[in-house]
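Working notes, beginning with the structure itself.
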Amino acid sequence: MHLNSSVPQGTPGEPDAQPFSGPQSEMEATFLALSLSNGSGNTSESDTAGPNSDLDVNTDIYSKVLVTAIYLALFVVGTVGNSVTAFTLARKKSLQSLQSTVHYHLGSLALSDLLILLLAMPVELYNFIWVHHPWAFGDAGCRGYYFLRDACTYATALNVASLSVERYLAICHPFKAKTLMSRSRTKKFISAIWLASALLAIPMLFTMGLQNRSGDGTHPGGLVCTPIVDTATVKVVIQVNTFMSFLFPMLVISILNTVIANKLTVMVHQAAEQGRVCTVGTHNGLEHSTFNMTIEPGRVQALRHGVLVLRAVVIAFVVCWLPYHVRRLMFCYISDEQWTTFLFDFYHYFYMLTNALFYVSSAINPILYNLVSANFRQVFLSTLACLCPGWRHRRKKRPTFSRKPNSMSSNHAFSTSATRETLY
């Protein structure tokens with residue numbers, strides 16, 4: 001990406017450096033759309049935006065091809081993985097008892113990830129990577145695109161957090177979990193997540209809109225999907241979005257998964273040191289209840305595996321989403337006077353990197369969450385084999401092990417199947 005030589009060398013945003021007519025300076029006009037996570041700016045090649053386009057924002061062809069190849073790979077992996085996950089959870093009745101109600105959370109997460117890939121990635125590739133403007137989908141398409149993208153982003157983050165809450169209750173408070181995590185309550189909770197996500201995304205319907213920023217205001221090449229409110233309002237929207245779709249979910253995920261990992265680690269150590277017997281306890285007011293449970297060697301290995309998966313979940317969420325939100329917050333906290341040509345170029349390519357990581361999150365979630373349950377993984381691969389006959393021949397045969405029921409003693413009636421639901 002480079003700026004045209006015709007761009008004045010003074011401070012970005014000065015009145016004499018206006019590529020388009022309108023209230024924003026050149027940097028404001030460019031970064032308003034960039035900072036809302038979708039776009040390479042409101043400016044493009046001078047021959048398409050009108051005679052007064054002094055700012056040329058170009059991505060070199062090699063970067064475009066590389067980003068396109070990465071996006072296509074993520075699109076294939078993500079859509080196949082999330083589609084098969086959703087299909088598996090909806091059609092396979094053998095999963096109705098999978099990890100208590102965790103299959104509802106997995107299904108909701110797969111749906112939000114799938115919608116992000118289907119709704120956001122194609123539009124971004126076309127109108128923000130290859131053809132900066134004119135915007136090709138009209139004013140309704142502009143508002144609807146940002147609304148749906150933000151709603152699905154909120155839903156993904158909140159679904160990951162809700163899955164952590166479900167696992168925390170199931171592992172650390174198994175008695176309460178049986179009461180709190182009923183199927184009907186879980187369905188209502190997930191419905192509330194989607195409703196909250198839609199409500200949180202409503203501001204995008206009024207923040208974004210179609211404007212013509214060509215010199216005379218009529219050139220068709222100057223149509224851009226851009227913020228139609230003042231810069232201060234845009235910054236508020238960005239910061240609220242960052243808090244609700246990243247900081248808050250990350251705090252919940254990090255705390256709960258740390259507690260879960262520590263609990264599983266203690267259980268593994270107890271099982272290894274005390275003859276495969278671990279103790280699970282719960283508090284109910286003044287009453288303290290405990291039960292001992294014998295765990296087989298295979299189950300101990302599964303517990304160790306569960307600890308690693310939980311750590312991977314936290315790391316993946318932070319690695320994929322932190323750069324994305326850091327890049328957006330750059331717009332909020334870097335003043336116009338601090339933007340240089342070098343920083344502008346860095347921002348543009350940093351945009352492509354962070355958005356690629358953002359889509360990695362949607363593509364990798366099926367892999368991470370399929371690792372949580374061996375039962376789910378088995379049914380997932382079985383479904384994939386049915387949908388893709390060629391996959392059946394590539395699957396390696398794995399030895400099967402017979403498992404004896406877990407034995408336990410407790411002052412509460414607690415079934416073996418219920419106990420298995422609290423463990424990975």
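Each residue, glycine too, has its Cβ placed from N, Cα and C.
The topological domain 'Extracellular' annotation in Swiss-Prot covers 1-68 (among others). Confidence for the topological domain 'Extracellular' (1-68), expressed as mean pLDDT, is 47.
For 1-23 (among others), the entry in Swiss-Prot reads region 'Disordered'.
Annotation source Swiss-Prot lists N-linked glycosylation site at N4 (among others).
The feature N-linked glycosylation site is assigned by Swiss-Prot to N38 (among others).
The annotation N-linked glycosylation site is assigned in Swiss-Prot to N42 (among others).
Taken from Swiss-Prot, the feature transmembrane segment covers 69-89 (among others).
The topological domain 'Cytoplasmic' feature in Swiss-Prot is assigned to 90-103 (among others).
Same-chain residues lying 6 or more positions outside the transmembrane segment (104-123) and placing a CB less than 8 Å from one of its CB atoms are 38, 71, 74-75, 78-79, 81-83, 85-86, 89-90, 137, 145, 148-149, 152-153, 155-156, 159-160, 162-163, 166, 183, 186-187, 190, 193-194, 197, 359, 361-363, 365-366, 369, 376. Annotation comment: Swiss-Prot describes 104-123 (among others) as transmembrane segment.
Taken from Swiss-Prot, the feature topological domain 'Extracellular' applies to 124-143 (among others), supported by experimental evidence.
Taken from Swiss-Prot, the feature disulfide bond covers C142-C225. The number of other Cβ atoms within 10 Å of the Cβ belonging to C225 (disulfide bond), over all protein chains shown, comes to 29.
Summarising the annotation, Swiss-Prot assigns transmembrane segment to 144-165 (among others).
Under the heading topological domain 'Cytoplasmic', Swiss-Prot lists 166-185 (among others), citing experimental evidence as support.
For 186-206 (among others), the entry in Swiss-Prot reads transmembrane segment.
Under the heading topological domain 'Extracellular', Swiss-Prot lists 207-235 (among others).
Per Swiss-Prot, the feature transmembrane segment maps to 236-260 (among others).
Summarising the annotation, Swiss-Prot assigns topological domain 'Cytoplasmic' to 261-308 (among others).
Of the ranges 69-89, 144-165, 186-206, the one with the most Cβ pairs under 8 Å to the transmembrane segment (236-260) is 144-165.
Cα to Cα, C388 (S-palmitoyl cysteine) and C142 (disulfide bond) are separated by 37 Å. A gap of 43 Å separates the Cα atoms of C225 (disulfide bond) and C386 (S-palmitoyl cysteine). Cβ contacts within 10 Å of C142 (disulfide bond), excluding its own Cβ and spanning all protein chains shown: 26. Sequence-distant contacts of the transmembrane segment (69-89), counting only residues of its own chain at least 6 positions beyond either end whose CB sits under 8 Å from a CB of the stretch, comprise 95, 103, 106-107, 110-111, 113-114, 117-118, 121, 124-125, 129, 356, 359-360, 362-363, 365-367, 369-370, 376, 379-380, 383-384, 387.
Within the same chain, no residue at least six positions away from C386 (S-palmitoyl cysteine) has a Cβ under 8 Å of its Cβ.
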